[in-house]
Amino acid sequence: MAITLTYIMTIAANAMVITVVSFDSHLHTPMYFFLVNLAIIELLYTTAITPNTLANLLNEDKRISFVGCFAQMFTFYILVGSECILLGIMAYDRYVAICQPLLYTAIMNRSVCFYMIIICWTIGFITSVVNTVLTATLPYCHDRLIRHYFCELPSLLKMSCKKTYINQLVVYFFGGGVLVGSFVLTLISYIFVIRAVIKIPSASGKKKTFSTCSSHLLVVCIFFGTGILNYLRPSSKSFYNHMFSLVYAVVTPLINPLLYSFRNKDVQRALRNILYH
């Protein structure tokens, strides 16, 4: 019941973000362009996992086909990889807006934003293809019981009767490169942002400027923290893997629109205009 309610709220919240930004011309800025793309990613990848999880909870037959399993995995890793890069780009957008305000419209023009989104999806696609193909070609000669609620890479590797060193190296190289690279970009961006905020003379100015970044920082900490713990640490009890996966696959897609958008006064104003006109 809790997962069903969370899924419904996630779909409604992210769909509302997309609708509000699309219909209000005042929100047609780089920051909201990235937020719409984030909402699309959240909608797609929670849908790739949650309905099948709910079906498994309700039905006695919990089987999934080989093709279906790897289609789910392929879709999931495209979207997770894209989100990693997008969160880093959003941090860079905040850096330009706060540290280079006079050059913001020139640096973050429409073409640049479009190419950034293309880069997000391209990196996510390449990472997903490599991991999915390598994992799908492994021999699975033991019991084919996936000890997880969806087809995630670590759980599938444990089922193989062949050594998976190459696969694990690919996870560290591609997955770690995307995850850590985006995290480092975010960290560097916010070092400069914090330096700029400290130089603001008034306390109210500091609070207003940093409040635009606090939501992003919280989401980054949750998403990257659980991702790093799940993929880039030595293997441990599956219970913790399941909990970390649950956070970034089910909980984060609901938290993002609530933190990013519905706390934002511009979004609140746009939502009121849509509802009352």
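Any Cβ shown, glycine's included, is placed from N, Cα and C.
The feature transmembrane segment is assigned by TrEMBL to 6-24, 31-50, 70-92, 112-134, 169-198, 210-231, 243-262. The domain 'G-protein coupled receptors family 1 profile' annotation in TrEMBL covers 13-260.
Packing against the transmembrane segment (31-50) from elsewhere in the chain are residues 3, 6-7, 10-11, 14-15, 17-18, 21-22, 72, 75-76, 79-80, 82-83, 86-87, 89-90, 93-94, 97, 113, 117, 120, 149-150, 249-250, 252-253, 256-257, 260-261: each is 6 or more residues past its ends and has a CB under 8 Å from a CB in it.
Over the domain 'G-protein coupled receptors family 1 profile' (13-260), the average per-residue pLDDT in this prediction is 80.
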